[in-house]
Amino acid sequence: MKVNLDYLGRLFTENELTEEERQLAEKLPAMRKEKGKLFCQRCNSTILEEWYLPIGAYYCRECLLMKRVRSDQTLYYFPQEDFPKQDVLKWRGQLTPFQEKVSEGLLQAVDKQKPTLVHAVTGAGKTEMIYQVVAKVINAGGAVCLASPRIDVCLELYKRLQQDFSCGIALLHGESEPYFRTPLVVATTHQLLKFYQAFDLLIVDEVDAFPYVDNPMLYHAVKNSVKENGLRIFLTATSTNELDKKVRLGELKRLNLPRRFHGNPLIIPKPIWLSDFNRYLDKNRLSPKLKSYIEKQRKTAYPLLIFASEIKKGEQLAEILQEQFPNEKIGFVSSVTEDRLEQVQAFRDGELTILISTTILERGVTFPCVDVFVVEANHRLFTKSSLIQIGGRVGRSMDRPTGDLLFFHDGLNASIKKAIKEIQMMNKEAGL
């Protein structure tokens, strides 16, 4: 019996394979003991006493959604093999000198096997900058994965890569089609738990985003899914303390790009005092002050993206706005919106004129010529990182490198102040 090629580089539990397949696979104990504690070998979580089963074994609750791992069982994997050498890059665009410098740095990182952090402002053109290094590894017969914590980011990346690369591309997330083996994979970071020493190059985009940031299980997945001699590259527009520390310790090389691809500065957020938003919302009405800002913006006819702190408030705001602005086509999206992707596309195509969103759209999506309002910008869910990302939706396109970016608040907090300061610093660093 021959090994199913789709199994190469993948990690399996006992119940996912037939008896014959298990005999062909390499084996790992499902759990390991260290300093008197038990750890799951798939997700590296510490096994708790209450996860004990009546049959006399422990199970891991942390990665249970990926099929149960039990201490009395084995994990199985099939070593990855090289792909045929090929020429995969179809993209013939031109990088700016700033992008070119980062692209060159990444090619050198592969040659020197140096883990690298790319800290590039929102709208710098990070995707194009990784093309050369992705192509280099695939052309040599290697396997590459682009991973992100956010499904929306994965879908955007997948669309872009399909246009610009000639090889097959597998897209993996919670509701995607089954995996098929291909030299280029786009996956949510959770999906990396299903791989073992599979990739020559793993690029993790949006490393500052939930659910990846401060998640030891996903850090382990990133480490485990790369070959022993493979390379990890991290992309971010807002670095984290953890990454900055690794740069200081020399564990990561940092490549900076403080300038957007079109050469114009990042838009500086404008804080606007708004103390009566919730008072009016509770009465199912719109704050007159907020209404006047929306009316003024709608006269421009540019699309308007409004960020709300919570799903319930966002839904309510969408209903009120539709009453107040009957000529506008208004949508609302959150992590639980079933037709989110369709609404996002409708907004991009101009079929929706106002879109209200939770932080789900704070990153990885581009809407040409958009203006952005954040209501309750001082809400605890709007961190410095998320406010910088939200701000990065404005002024991304060459057609309109400017735009309105308004932070409505009822008290300036540290997150708003730090976000504004960091955006100003990035512009200064870019010489703008």
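Note: Cβ is positioned from N, Cα and C throughout, glycine not excepted.
Over in Swiss-Prot, the protein carries these features:
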- Cys40, Cys43, Cys60, Cys63: Zn(2+) binding site (BINDING)
- 107-257: domain 'Helicase ATP-binding' (DOMAIN)
- Ala120, Val121, Thr122, Gly123, Ala124, Gly125, Lys126, Thr127: ATP binding site (BINDING)
- 205-208: motif 'DEAD box' (MOTIF)
- 289-432: domain 'Helicase C-terminal' (DOMAIN)
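Annotated features, which come from Swiss-Prot, shown on the structure.
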residue : record              : Cβ within 10 Å
Cys40   : Zn(2+) binding site : 26
Cys43   : Zn(2+) binding site : 20
Cys60   : Zn(2+) binding site : 26
Cys63   : Zn(2+) binding site : 22
Ala120  : ATP binding site    : 23
Val121  : ATP binding site    : 25
Gly123  : ATP binding site    : 22
Gly125  : ATP binding site    : 20
Lys126  : ATP binding site    : 21
Thr127  : ATP binding site    : 18
Long-range neighbours of the motif 'DEAD box' (205-208), counting only residues six or more past its ends (CB under 8 A): 117, 126, 146-150, 153, 157, 234-240, 243, 363-364, 385
Which same-chain residues, if any, lie at least 6 apart from Thr122 (ATP binding site) yet have Cβ under 8 Å of it: Ala237, Arg260, Leu266, Arg363, Ile388, Gln389, Gly391, Gly392, Arg393, Arg396
Residues near Ala124 (ATP binding site) in space but at least six apart in sequence (CB under 8 A): Phe98, Gln99, Ala237, Leu257, Arg259, Arg260, Phe261
Cβ-centroid neighbours of ATP site Ala120, Val121, Thr122, Gly123, Ala124, Gly125, Lys126, Thr127, 8 Å, sequence order: Met129, Ala237, Leu257, Arg260, Phe261
Helix-strand-coil residue split for the domain 'Helicase C-terminal' (289-432), DSSP-based: 60 helix, 21 strand, 63 coil
Assigned element (helix, strand, coil) containing Ala120 (ATP binding site), judged by DSSP: strand
Rounded inter-Cα distance in Å - Thr127 (ATP binding site), Cys43 (Zn(2+) binding site): 29
Distance from Gly123 (ATP binding site) back to Cys43 (Zn(2+) binding site), taken between C-alpha atoms, in Å: 33
Shell list (Zn(2+); ref centroid = CB of Cys40, Cys43, Cys60, Cys63; cutoff 8 A): Gln41, Arg42, Asn44, Ser45, Arg61, Glu62, Leu64, Met66, Val69, Leu193, Met217
DSSP three-state assignment (helix, strand or coil) for Cys40 (Zn(2+) binding site): strand
Between Cys40 (Zn(2+) binding site) and Gly123 (ATP binding site): CA-CA distance (Å): 39
The motif 'DEAD box' (205-208): DSSP-derived helix, strand, coil residue counts: 0 helix, 0 strand, 4 coil
